[in-house]
Amino acid sequence: MWRDFAYVAKCARTSSSKIAVQGWRWRRLMEFGAWVYRCRAVLPVAWAFSITGITAGFLIMVVVASANAYTCDLLLRQAFATGCMDFETLGLAVGGRAWRLTTEISIVVLLLGTITGSIAQVGEAGAIGLTSIWPNTPGALINGSGRLLMVLATAVVIWPLCLVSRLRQLEYAGMVGTVIVLWLVGVTVVEASINDLPAVRDGEFAAVGLSSIGLVSQAVSVFGFAFYIQPVIMPLLEEMPAGQLGVKLTSYSTRVVVLVNSFVIYGLTGFFGAAMYGTSTESNILVNQWLGGGVAQGILNLSMTFYLAMALPMLEFPTRHTIDGWIPERWATNKRLRHLVVMTTIVVFCLVIAVAWPASSGYILVVTGATGVCMVSYIIPVVNHLLLYYSRSKIQKLRKMENERDPESKQFQLIVYRKERKPGTIWYIVEVLREIFLPVLVLAVGIFCSVASLTTL
């Protein structure tokens, strides 16, 4: 991280003042934008803690957060080496058309599942918020875990925000969402502390609370869902400064978001939420009672409902970015109309599923974490890495063939992905551990936990 920071500082000194200021603005955008994208997963983490215990909960958090930060760095390294600044083009360059389609389907499945689960959370939190403030709220408004609220939030907040054409236009919405999330964290920490951590005191939330591998795997899936950020960093990379500066800025911001901001938010909310309610912790923490219920909880829940709705355009953008590639240009020459049609289709599709299966956000997110997250966060980055490391990717083979056909022209620059190794046995072992063993370990653990989670639901 500090090497990246030094590099950015060097770029700021050697570039014009305008470019330097823009560079810092881009970094701030990444931090705010990615944080609001990530922390909309704050609601199920307390439940994940409650089924694993204190020690295992934090250990799983460390492992999953580190694995996601690591695979983000792998993706950025791959993007810089190949010059492919989005997931789809990178998949084509590394594995050809079949691998690109696999990548695209994985991203769409992941993001559609996340949007659906988030809309369901909007209904759950909103329904409880309204009944807390107005106990006589009409049943039509809150029945079915807030079905009508899902529709209203989608029409009034989610759909209009999804009309923006670039992610950086959501920067200020991200700052508002940050304040709301910090309020939830403060309420959770203060109330659990005032009540002397009842679940910890009674032994219900134990230091080691593991009961089955299935529950642990489900917790891993929830944390995997909470920490994944890979789909959004690739579209954002296209809006960053070109070259190594943009990659370094993105890498630095990703580490800050995943390993600092999100980790602290999830750790505090997860531990103190589970310490308050123990085994009674709901998969949506806002379903539990906070602030004594009543008007105070109603305001908190409605604020979080608004925040969840504001965060959804950060999910819709990369979904639309991928689906756009499936539509031939000749079918939609009007970009604004294309944007409107694709965006509306995505939002309405997810809304219909959420309305059809209300009160199921926890299961939706577990399944999403065990399928889409596994593919996008672990399998795809690691497979890409190994193909590029062993020079087996499509683009490396193609450029090598072109240069061998006409060696004098050297028209196509060979892609060098392997980092230069210092001489000596120790450095060879370090390279093997870093470039082969660690990626394969991340891949194996991700697949195992996903399979275990799906087979024990």
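Glycine residues also receive a Cβ, built from the backbone N, Cα and C atoms like all the rest.
The domain 'Amino acid transporter transmembrane' feature in TrEMBL is assigned to 42-396.
Residues or ranges marked as transmembrane segment in TrEMBL: 45-70 (among others). Remote same-chain residues near the transmembrane segment (45-70) are listed as 188, 199-200, 205-211, 215-216, 218-220, 222-224, 226-230, 254-255, 258-259, 262-263, 266-267, 269-274, 277-279, 281-283, 285, 362, 377-378, 438, 442, 445-446 (criterion: CB distance under 8 Å, separation of at least six residues from the stretch ends).
According to TrEMBL, the transmembrane segment annotation covers 107-134 (among others).
Residues annotated as transmembrane segment in TrEMBL: 146-165 (among others). Through the fold, the transmembrane segment (146-165) approaches residues 119-120, 122-127, 130, 140, 173, 305-306, 309-310, 312-313, 316-317, 339-340, 343-344, 347, 351, 354-355, 358 of its own chain, all at least 6 residues removed from its boundaries and within a Cβ separation under 8 Å.
What TrEMBL records for 172-194 (among others) is transmembrane segment.
Look at TrEMBL and you will find 206-229 (among others) tagged as transmembrane segment.
Residues 1, 30-31, 34-35, 38-39, 41-42, 45-50, 54, 57-58, 61, 65-66, 68-69, 72, 181, 184-185, 188-189, 191-193, 195, 197-200, 202, 204-205, 223, 226-227, 229, 285, 288 of the same chain lie 6+ residues outside the transmembrane segment (256-278) yet bring a C-beta within less than 8 angstroms of a C-beta in it. For 256-278 (among others), the entry in TrEMBL reads transmembrane segment.
The feature transmembrane segment is assigned by TrEMBL to 298-317 (among others).
Packing against the transmembrane segment (337-357) from elsewhere in the chain are residues 112, 115-117, 119-120, 123, 144, 147, 150-151, 154, 158-159, 162-163, 165, 316, 319-320, 323-324, 327, 364: each is 6 or more residues past its ends and has a CB under 8 Å from a CB in it. Positions annotated as transmembrane segment by TrEMBL: 337-357 (among others).
Marked as transmembrane segment by TrEMBL: 363-390 (among others).
According to TrEMBL, the feature transmembrane segment maps to 436-455 (among others).
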Do at least three CB pairs under 8 A connect the transmembrane segment (206-229) and the transmembrane segment (436-455), leaving out pairs fewer than 6 apart in sequence?
yes
Tertiary contacts of the transmembrane segment (206-229), as residues 6+ beyond its ends and Cβ separation under 8 Å:
34, 37-38, 41-42, 44-45, 47-57, 60-61, 64-65, 68, 72, 110, 114, 254, 257-258, 262, 266, 365-370, 373-374, 376-377, 446, 448-450, 452-453, 455-457
